[in-house]
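One structure below.
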Amino acid sequence: MSLVLVLNSGSSSIKFQLVDPDQHATDEPFASGLVEQIGEPMGRVTLKHAGEKHVVEAPIPDHTVGLDLAFKLMAEHECGPTDVELVAVGHRLVHGGLVFSKPELITDQIVDLARSLIPLAPLHNPANIDGIEVARKLLPDVPHVAVFDTGFFHGMPPAAALYAVDKELAAETGVRRYGFHGTSHEYVSNKVAELMELPKAAINQITLHLGNGASCAAIKGEQPIDTSMGMTPLAGLVMGTRSGDVDPGIVFHLHRTAGMPIDDIDELLNKKSGVKGIAGVNDFRELRRMIEEENEDAWLAYNIYIHQLRRYIGSYMISLGRVDAITFTAGVGENDSFVRADALANLEMYGIKIDPERNALPNTGPRLISAHDSVIKVWVVPTNEELAIARYAKAFA
Ligand code: AMP
């Protein structure tokens, strides 16, 4: 079995998976795990393989030690990169800016280019690049491939990609809509074309990636024409801990009137807002339990979330003109039937009708949840960004 190692390196963590690129989206990966608390006094590596979970605790001062420990733990359980037929390493890179529109074979030059984009994603890209450099040293004999979260949205029309701010300043500073979760939106929209047995070029789709982070996309044939995340992943839908769209004037108000430093406002909008900001929890299972207990804040958080989601769906229906499919994916989209039903309730006059029984089925794989007479087909398609990255990476092997 040829396997691809998929790495998603954050500032204090590295998620890893050894994936068979030919597996089904809902199959467990061959091995998976997490290195966490890098840079703290005590770190932890967790590995899942063959139905078992293994944990090692040790200080992990940097990504090199972290990945090395992960590989050793994998080797102990005979699933290390040298125990298997490793054909490539796929790296998730959050920001590809205007430079990258498709996956790239990583060379020194590509690393330098990715480094030049750090000002656009100062929290994400440096950690992604650390992961790349460490992995290239530890596994020098296989191709390393970078897959960009922004890549799919690279060719969006200027009317959707540009903000109405000073044109020259925006160009100089890289201020424009890039969009994120591109790997997921592309994977899911390809899958829907396959399920509908139609060429992708012939259908218009709305894809709703509703996880802890959330975004939606309007896709005309092969080409995304709009998406809800912006220059950063803070924009758009209400998320687990991120506010999504707010009046930008709020930032000035909090700074000037409430005296909050910019970094605190950044943390407020990214980590303490969204569903969590209103209800105190960001997990939708917890939110549902609170709603069932008639907790008013949970209900309010849910209503704000659905209100914003419906706004985007409506605006994308107008942008696309004709819509053939609307698809839910990611943790909330795949599992929460209430969110799906409420997001598309009372839209029969627009050709959207969910079948309650189909909608209530458990998340076992891709499925149609619209009624047989719904003009617009509504789907749930489990996303699998690691598998998509593995498939891109294998193409370079
Ligand atoms: P993701 O970012 O795609 O991993 O999604 C994570 C989120 O999905 C969690 O924070 C939960 O809010 C949500 N989630 C996961 N499982 C369920 C479930 N069974 N029912 C409702 N929400 C879920």
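Keep in mind that glycine also has a Cβ here, set from the backbone N, Cα and C atoms.
In TrEMBL this protein carries:
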type	residues	note
BINDING	Asn8, Glu385	Mg(2+) binding site
BINDING	Lys15, His209, Leu210, Gly211, Asn212, Gly213, Asp283, Phe284, Arg285, Gly331, Val332, Gly333, Glu334, Asn335	ATP binding site
BINDING	Arg92	substrate binding site
ACT_SITE	Asp149	active site, proton donor/acceptor
SITE	His181	site 'Transition state stabilizer'
SITE	Arg242	site 'Transition state stabilizer'
Rank the recorded positions Asp149, Asp283, Glu334, Glu385 by how many other Cβ atoms lie within 10 Å of each Cβ and give me the one with the fewest.
Asp283
Under a three-state reduction of DSSP output, how is Leu210 (ATP binding site) classified: helix, strand, or coil?
strand
Of Lys15, Arg92, Leu210, Asn212, Val332, Glu385, binding-site residues neighbouring ligand 1, Cβ under 6 A:
Asn212, Val332
Going by C-alpha positions, which of the recorded positions (Lys15, His181, Arg285) is nearest Glu385 (Mg(2+) binding site)?
His181
Report, in whole Å, the straight Cα-to-Cα distance of Arg242 (site 'Transition state stabilizer') from Asp283 (ATP binding site).
13
Pop the Cα-Cα gap between Arg242 (site 'Transition state stabilizer') and Asn8 (Mg(2+) binding site) into the table, whole Å please.
20
Across every protein chain in view, the count of C-beta atoms other than its own within 10 A of the C-beta of Val332 (ATP binding site) is 25
What kind of secondary structure is Lys15 (ATP binding site) part of, going by DSSP in three states?
strand
DSSP three-state assignment (helix, strand or coil) for Asp149 (active site, proton donor/acceptor):
coil
Could you measure the widest C-alpha to C-alpha distance across Lys15, His209, Leu210, Gly211, Asn212, Gly213, Asp283, Phe284, Arg285, Gly331, Val332, Gly333, Glu334, Asn335, the residues recorded as binding ATP, and give it to a whole number of angstrom?
23
Of the recorded positions Asp149, Leu210, Asn212, Arg285, Val332, Glu334, within 10 Å of Arg92 (substrate binding site) (CA to CA), in sequence order, we find Asp149
Measure from the Cβ of Arg92 (substrate binding site) and count the other Cβ atoms within 10 Å, all protein chains considered.
22
Most Cβ neighbours within 10 Å: which of the recorded positions His181, Arg285 is it?
His181
Going by Cα-Cα distance, which of the recorded positions (Asp149, His181, Arg242) sits nearest to Glu334 (ATP binding site)?
His181
